[in-house]
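Taken from Swiss-Prot as is:
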type	residues	note
ACT_SITE	LYS18	active site
ACT_SITE	ASP146	active site
BINDING	PRO103, HIS104, GLY105, ALA106, GLY107, LEU108, GLY109, GLY110, GLY111, SER112, SER113	ATP binding site
Amino acid sequence: MASFPCPIEETLLPVPCKVNLRLAVGARRPNGYHDIDTFFLPLPEPADVLRLRRFDGPGDIDLQCSDPELETDDNLVVRAYRAYAAATGYAPRLEVHLAKHIPHGAGLGGGSSDAAVMLRYLNDRADEAALSPVDLAALALTLGADIPFFLLGVPAVATGVGETLIPADPGLAGWCAVVVCPEARVKTAWAYAALDASRALPQKPGANLLTTAFDANKRAFCVTGAPMRNDFESVVFAAHPELGRVKERLLALGAAGALLSGTGSAVFGLFRKRQTATLALAMLTGSGPRAYLAPL
């Protein structure tokens with residue numbers, strides 16, 4: 001009878017997502033990246049789950065995923081593993097199952113967060129080959145601009161292409177976020193190209209950054225002194241008007257502020273009271289799109 005090796009360790013790790021409380025996009029750099037000024041907020045829901053089985057001796061990574069289309073060498077989990085192995089020489093034999101719950105193409109950073117969890121897992125077990133936090137963040141940046149934030153794991157203001165991080169308190173303790181994930185998918189490259197193209201056109205005066213229901217006096221909901229803002233809303237909502245309607249719906253249901261996350265398609269609302277957020281969640285899920293409640 002054939003015998004099968006037993007893992008020396010089996011680990012189950014949650015993978016959080018993020019939203020952007022602010023996302024201002026600057027000029028395009030020669031390397032294709034854009035300067036940004038953003039406020040990242042990690043959320044516990046929706047969340048992926050990584051199950052890792054580590055075997056004795058060196059090897060490679062075998063990835064299985066609840067979405068078979070993501071079982072490729074281009075998956076950021078695989079790329080993170082191989083980048084870490086190339087940088088440190090630490091390459092344990094791993095069987096990885098990725099339970100995918102963070103929607104792809106939603107602006108919630110699911111793939112980047114998956115990669116950050118893999119990098120942290122490897123670094124915690126690499127002993128003398130382990131990288132310093134600075135070197136680990138530098139390696140993460142080669143894989144994706146927001147992966148260093150997920151390594152940091154706390155609310156932070158990010159500038160540059162996202163690599164310069166300053167931990168910050170958004171002042172939302174006790175609040176709840178409701179994250180709505182419509183079926184639409186927005187490609188990041190398209191969103192940046194569309195934004196660049198729109199800026200080449202004559203601009204209308206008085207761009208409206210209002211994110212609250214206070215239309216009468218134009219009071220903008222603020223987080224640490226800056227209005228909630230996402231420069232991508234103009235182009236993304238024009239291409240996907242249903243996403244703009246989700247934002248309006250969140251505000252109508254009592255959100256103090258609402259915004260597109262990243263390049264979309266997810267839209268989130270911030271609620272002062274859990275009861276109001278729970279009711280909004282029930283109303284939204286009854287109308288179709290997936291929605292999640294995340295305590296802050």
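Glycine is no exception: its Cβ is also placed from the backbone N, Cα and C atoms.
Across the fold, the C-alpha of GLY111 (ATP binding site) and the C-alpha of ASP146 (active site) stand 10 Å from each other. According to DSSP, LYS18 (active site) is assigned to a strand segment. Around the Cβ of GLY105 (ATP binding site), 18 further Cβ atoms fall within 10 Å across all displayed protein chains.
In sequence order, CYS17, LYS18, ILE102, ASP146, PHE149, PHE150, GLY262 are the residues of the chain that are 6 or more apart from GLY109 (ATP binding site) and have a CB within less than 8 Å of its CB.
Remark: of the binding-site residues PRO103, GLY107, GLY111, the most isolated position is PRO103 (fewest other Cβ atoms within 10 Å of its Cβ).
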